[in-house]
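Peer 1: So Swiss-Prot says this about it:
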type     : residues : note
TOPO_DOM : 1-86     : topological domain 'Cytoplasmic'
MOD_RES  : Y19      : phosphotyrosine
MOD_RES  : S20      : phosphoserine
MOD_RES  : S23      : phosphoserine
MOD_RES  : Y27      : phosphotyrosine
MOD_RES  : S36      : phosphoserine
INTRAMEM : 87-107   : intramembrane segment
TOPO_DOM : 108-162  : topological domain 'Cytoplasmic'
Amino acid sequence: MGLETEKTDVQLFMDDDSYSHHSGLEYADPEKFADSGQDRDPHQLNSHLKLGFEDVIAEPVTTHSFDKVWICSHALFEISKYVMYKFLTVFLAIPLAFLAGILFATLSCLHIWIIMPFVKTCLMVLPSVQTIWKSVTDAIVAPLCTSIGRSFSSVSLQLSQD
């Protein structure tokens with residue numbers, strides 16, 4: 001039971017221009033379909049999603065299924081993951097991208113035209129408020145606390161034992 005431990009990468013390249021209905025099958029140029037070096041996740045936002053079959057399903061050394069079962073389940077896992085991702089992105093990617101665009105545009109508009117002017121206005125008014133607050137504190141709160149402190153400082157306790 002020779003278990004294959006190497007991962008293989010299989011790619012299918014199809015080119016509508018290279019396939020002629022009259023002259024037979026011609027092979028597509030793989031360089032035409034090769035990724036142009038463009039990383040779709042340059043900031044590694046979804047690095048946690050890079051899972052393989054061994055990360056999800058693992059058999060300990062003491063319990064192994066038949067090699068053919070392991071190989072077939074590995075193939076079905078990879079195919080179903082690939083097909084379901086493509087299927088879901090066909091139906092969900094465009095509507096969700098549209099909704100995310102609307103959400104981010106709304107939040108950007110609110111931030112630019114409402115939140116930041118409000119914050120800047122508050123920061124402009126704060127020195128005046130700080131001066132008024134200091135005057136109120138000096139005129140009302142400080143004398144009140146001083147008088148309460150003097151009242152409590154004259155209190156004395158005497159303990160007697162009967």
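Even glycines carry a Cβ here, placed using N, Cα and C.
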Peer 1: So what pLDDT does the topological domain 'Cytoplasmic' (1-86) average out to?
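Peer 2: Over the topological domain 'Cytoplasmic' (1-86), the predicted model scores a mean pLDDT of 70.
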Peer 1: Please work out the helix, strand and coil residue numbers for the topological domain 'Cytoplasmic' (108-162) from the DSSP assignment.
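Peer 2: Residue counts for the topological domain 'Cytoplasmic' (108-162) by secondary structure: 46 helix, 0 strand, 9 coil.
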